[in-house]
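What follows is a set of notes on a single structure, which appears directly below.
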Ligand code: KG4
Ligand code: ZN
């Protein structure tokens, strides 16, 4: 059985965790940086990188102490090597390289998106390849066929904003604070989703992709009229997102040989109404629905350690010369979607 230390620092969570290949989480240390960024209404890359540099070593020490281990008990050191804010990614990757060099243990460079993509397999031992994955985070909205470790087919992606981005911008427009996703979900629970007419971008379109930029602009216009309660706008926005996701996934499901399971991962997977919609959609298609527990959806070290364990089991380790990658698509062969030049 392998024991993997995993480091995460690609956005605004600094985290270190130790996971065993039998799916036991031995420790899990995480420090959010919300307080550092709140005054700016979003993540400031330079501030994030400095905070990662301060927090990473103490968190690694905490993760080792909580597991009752030293570096010698670990079989490999995994770290997010991209995609993400490059300053932060480099902090985690350089720390992992130093630990690997000092201990003589192998380095595993993990794609952050693969961390999200494989995390459902940590909590569900029966989830085998292939599965259909909706990956929804602050930077991505993709539908992927997960064939195996390191083997993905991107079936659809956003042509403009990511879903998490739309939640964050909506929160900012409505003055709900930062981080935006959970704030919008809380406000939405108090509002009426039928009260504000908002568009469903690309609903019914004869292509598989997603779009959220128009929805965000419509939220801004609705708010500026001064006619609607913030809670009603939040609820109507969240319902529009749900309707779009449902319609777009259904489009793809109608055209593929669907795998046995529909899986959701990434920060937006923590949204309970979105999870409920996906569960219903999966059931209507005779598919199993798998979602990580809420705490495992947003960025953390456990998913990086687990992706490291999956790669280690296949003999996939990396050289200390591995270069951090700010962009790193899971399916490098995917045809570019129209408009999607800047998003992986
Ligand atoms: O995966 P993640 O933690 O970081 C990235 O890799 O991007 O995702 C963060 C995103 C943010 O946009 C955040 O607002 C969104 O996930 N998010 C949510 C919820 N919790 C986090 N969006 C909707 N509802 C939530 N409960
Ligand atoms: Zn993430």
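Each Cβ is built from the backbone N, Cα and C atoms, and glycine gets one as well.
No curator has checked TrEMBL annotations; they are predicted automatically.
When TrEMBL records 135, 136, 137, 138, 139, 168, 181, 185 as binding substrate, the matching candidate from 111, 271, 276 it lists for that site is 271.
Fe cation binding, as stated in TrEMBL, involves 112, 116; the candidate among 257, 299, 318, 321 given for that site is 299. Residue 139 (substrate binding site) and residue 299 (Fe cation binding site) are 12 Å apart (CA-CA, integer value). Using a 10 Å Cβ-Cβ cutoff, residue 271 (substrate binding site) registers 26 neighbours.
Other residues of the chain with a Cβ within 8 Å of the Cβ centroid of 112, 116, 299, the Fe cation site, are 8, 10, 11, 80, 113, 115, 137, 266, 267, 300, 303, 304.
Candidate binding-site residues: 135, 137, 139, 181, 271, 299. Those with a Cβ under 6 Å from ligand 2, in sequence order, are 137, 299. Under a cutoff of 8 A between CB atoms, and with a sequence separation of 6+ in the same chain, the neighbours of residue 181 (substrate binding site) are 164, 167, 168, 171, 267, 268, 270, 271. Secondary structure at residue 139 (substrate binding site), as computed by DSSP, is coil. Rounded to a whole number, the C-alpha distance linking residue 116 (Fe cation binding site) with residue 139 (substrate binding site) is 12 angstrom.
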